[in-house]
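S.K.: Not my notes, these are from Swiss-Prot:
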{"type": "ACT_SITE", "residues": "S170", "note": "active site"}
{"type": "ACT_SITE", "residues": "H197", "note": "active site"}
{"type": "ACT_SITE", "residues": "D290", "note": "active site"}
{"type": "DOMAIN", "residues": "3-121", "note": "domain 'Response regulatory'"}
{"type": "DOMAIN", "residues": "154-348", "note": "domain 'CheB-type methylesterase'"}
{"type": "MOD_RES", "residues": "D54", "note": "4-aspartylphosphate"}
Amino acid sequence: MINVLVVEDSPVVREFLIYILNSDPDITVIATAGDGEEAIDALRNHRPDVITMDIHMPKLNGVEATQLIMETQPTPIVIVSGSTDPAEVGTTFDAIDAGALAVLPRPAGIGHPDHEATARKMIEVVKLMSEVKVVRRWARMRGASPASHSVRAPLLNRVAPARIVVVGASTGGPPALEAILSSLPKHFPVPILIVQHMTTGFMEGFVQWLKNSSNLPVHIARQGELPLPGHVYMAPDEYQMKVENRGEIVLTKDEPEHGSRPSISYLFRAVARVYGHDAVAGLLTGMGRDGADELRLLKEKGAITFAQDKESSVVHGMAGEAIRLGAATMVLPLEKIAAALTNLVAERGETKLGA
């Protein structure tokens, strides 16, 4: 049985979340709290397996409560947000910076066409997060200096440096991407294209949050633009993203793949066709297998590929599947990915890689 603490200042919303969570036979809401201070007390008294956390609360808000919990009694925290306004979403992602593992929108109300899907998603994420051993796994990345070239590793021969980096992430991806992008040097010489599975409405706020710590400009990708060196392009809500022969970004309403639009597989397939061995591609933490087969395709085309290791992943789904398929040239802990990317795009014929 998964024991959950629900932290929400609105009594109506609190009862709604309790109703959804208790509808699953594997979940029990063992305690509730109306603000951050009550949450700290309930945590000490009940020791839940997972906490769902509101952001805007009296006395102690969700960001402050998350930080205190992660410093004193680390517990998997899922942020449940009632707003997709970019300014407020930025605050929501501050809770990720403080140690929360996932962000979800508040499920749609009973009778709404999206109620069942959003309620099911919340239950699914709570179950997944209950299996995560929280050890403040990204704390050591924060405040780190930009990635250096001193990472020791095997030598790989390349006839030319990479021309593009593509990355896919899902559950646990936001803090992983923040850790990587904040550690890349300011003059990173190639563009970076990213697909991050995220609930519709959160991407703009997520990009704003990344901009606060990244040394590189971060954008939501736009139709027809040519990716610039040292810029980061995030696939937008509800669009598939690919590149065409000149390297320009193309956004489509093609069908979802692996239940996702944007899909990592969709982007990776296009990059394999257009860039082939001139690409560096990787899969980070996340559930499912989106991008795993296509990472193997990229490797077969001569691209350098990587997968995040199990120890530093929140959920070792996509990356784990890629490793099982033999799709990853390298398996890397999160804290070494930025240095490896920096080395891979360096302008030299032989590139040392992080391991």
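Glycine too: its Cβ is placed from the backbone N, Cα and C atoms.
A quick note: this is a predicted structure, and the numbers were derived from the prediction, not measured.
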S.K.: Within 10 Å of the Cβ of D290 (active site), how many other Cβ atoms are there?
M.R.: 29
S.K.: Can you tell me the CA-to-CA distance separating S170 (active site) and the residue listed as '4-aspartylphosphate', as a whole number of Å?
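M.R.: Cα of S170 (active site) to Cα of the residue listed as '4-aspartylphosphate' measures 21 Å after rounding.
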S.K.: Using a 10 Å cut-off, grab the number of neighbouring Cβ atoms around the Cβ of H197 (active site), all chains included.
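M.R.: Counting Cβ neighbours of H197 (active site) within 10 Å gives 22.
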S.K.: Here the recorded positions are D54, S170; which one has the lowest number of other Cβ atoms no more than 10 Å from its Cβ?
M.R.: S170
S.K.: Could you tell me the C-alpha distance between D290 (active site) and H197 (active site) in angstrom, no decimals?
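M.R.: H197 (active site) has its Cα 10 Å from the Cα of D290 (active site).
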S.K.: So what's the average pLDDT for the domain 'Response regulatory' (3-121)?
M.R.: 93
S.K.: Which residue counts does DSSP give the domain 'Response regulatory' (3-121) for helix, strand and coil?
M.R.: 54 helix, 25 strand, 40 coil
S.K.: Using C-alpha atoms only, work out the spacing between H197 (active site) and D54 (4-aspartylphosphate) and round it to an integer in Å.
M.R.: 21
